Structures are given as C-alpha cells and as structure tokens.
C-alpha cells in the first residue's frame, strides 16, 4: 500500500524559470517527498542580504527574542505557559512568513537578568522542534557575550560561547556579538571572537552598542587576522537616531559593517498602540511617558495616513523607514504569532523618498528618550 506523503509549499518562494533557487528547491522537494518528510516553507536567496563583509546571508529583517522567558523587564514580570506558547507561535510564524534570523543573548531571561527561563534555551528548543517537523529547516541564530567585569581574556569569550551553544542545542551559531564594551579588556574579547571563528564555533562576528571609535578599533583588530567585523547592533529607530548623530551609521556604511537595529519600533511606541491615556506598563512606562506620547502623536498620525496608502500598519511603516536607510537590518521583538506576521509584512515593498524624508523631518521635532550610555564611550 502506498504511503501518503504530506508536504507544504513555501509561503514566499519566488519561482523564476531556470533559476538556481528553483532548481535547488525542486531537488530538496524531491528528496523530501521520497523520504516521506514534510518540507519547510522555503526562504528565497533574493530575500536575504550579506551581513557585512562576511559570507553569512540573513533575511532583511530579523526577530529579537529578548522578551522570551524574561520576567525582569517584559511580560509584566511574569512568565507562564501561555506566554511560552505565544513565543513558540512567534517563532514558527516568522519562519512561515520568510524570516529566519533570530537574535538572542546569554543574559536574556537568564540568571543575569533574574528571568525564569533562558531565551537561548527556548530558542534552542523551538529550533529542535521545528527540525523534527521539517528536517531540512534552516534557522540563522545570533547570540551575544556579556562583557561582565569579572570576565577576563579571550578564553572567557570562547567559554561563554560554548555555554550558549549548549543552551541553544547547536554546534555553532551564525553570528556571535560582544553585547556591550567592557570596562576593560576589550582587546581580549575581540581576540576571543577571532578564536571562535577559527575554531568553527561561529560563521560571523559582530559587536553591539559600540561607538564610532570602538567600532573602528574592533574592525581593525579583527582585520589583522583576516576576519571581517560583520555587524554593530545598536538602538536605532525613527525617533532614536543617535547612530546618525554620533557617526556610527556613517562608519558602518564606510567600513561595510551591517547596522543591526534593536528597538526599531521604540519598544512599541511607534506601533500606535500607546497613547497619553494608555501608556505602556512596567519599566517602559517610565521611559515613554504621557508627556512624550503626547508629543509623539502628530508623527504617529502621519505614519497612519501613509500606512493607509499601502494598506500597512504604523509598525510596518516604521520598520520600512529603517530599511530605507540602507545597510540596516531591524530586529523587532516578537512575543506572538500576530506580531511576527506583522513584522514580516514590513519588507518586500518601499516607501517613497519623499515619505522617508517627511517622516524624518517630523521625527526631528521630537526629543529622543535616553539610550544606552555606552553608545557614547
């Protein structure tokens, strides 16, 4: 009796006659059907970009997973099974909609941040479960090293990475980043990144929250070993443009280092969800105050008007504005499937140059909130 085989065609696969991507997909499909496996929704190479000067290609938008398992800043200080299921939905929906780049860190939801469950552990579990369902599934993972004062030397970086790999249930990650510059010993940390590359533990390396000078120093130190600095992950959004004002964005563009933008929708402030009458809860409420949200309304109103022309949400407009800056990969944080699907709809189309300029002009009238202090060191 013939065995019935189930497979799912890719959600966003672009078929072009004679293309390498089409041939590759067909070969994978034939192998999967022959083996009885399900086929993961494919992500076309056209939807990916190279990360800096590395050989690593990732999707033009990623997903930040800081909130997964966290109870020190997000989730109203509580983590439960309902939020766990929602996070799993965010992961699967991201992949189903063409986003395969996930950014985590060893301090997210871990003992360092007093979280209940490690974000790395959850991401590793979700990847394992995805591959059990779709053996050929591919996921790009970025994680980070915490430059804690008691960590010294290059060995601390490799040791921390191996611990992260254990939590992620992986033998290597795609991108390993220094989460912030240390109080001392940064040369050793950079040497540790190089060692991790040479040991095959990571495909590409980057930094996070690095100023222009620190970025240039890191770039040159790694360059001496023939290793490209792939990325600098910083706080960057329509209403927080410090990377432009401090020279970080220009330096990234000059050196060919990809700028990965965290808080690209200003922790929800640019979604239109929050108003002076309904500010965010928890620590965010002390950052995005009623006074700030009042000043933000004219910009949000215009974002909504522009969004109506494209049938896009304010969130999608804000993210697309960042992509329009060039050499930028936004990584909004997704807590559930609905958010993940919305984020995926932020790419694959473009605002006009006039709209990009108009939004910048309106945003310039708003005094930005305080960022991460090390950005200016």
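Placement of Cβ uses the backbone N, Cα and C atoms for every residue, glycine included.
As annotated by Swiss-Prot, transit peptide applies to 1-31, with the evidence given as a large-scale study or a structure entry.
Annotation source Swiss-Prot lists N-acetylalanine at 32.
Using a 10 Å radius centred on the Cβ of residue 108 (active site, proton donor) and all shown protein chains, the other Cβ atoms total 30. What Swiss-Prot lists as active site, proton donor is 108.
When secondary structure is read from DSSP and collapsed to three states, residue 269 (NADP(+) binding site) falls in the helix class. Taken from Swiss-Prot, the feature NADP(+) binding site applies to 263, 264, 265, 266, 267, 268, 269, 270, 271, 272, 273.
The Cβ neighbour count for residue 273 (NADP(+) binding site), using a 10 Å radius and every protein chain shown, is 13. Least crowded of the binding-site residues (263, 267, 271), judged by neighbouring Cβ atoms within 10 Å of its own Cβ: 271. Calculated from their C-alpha atoms, the gap between residue 269 (NADP(+) binding site) and residue 108 (active site, proton donor) amounts to 21 Å.
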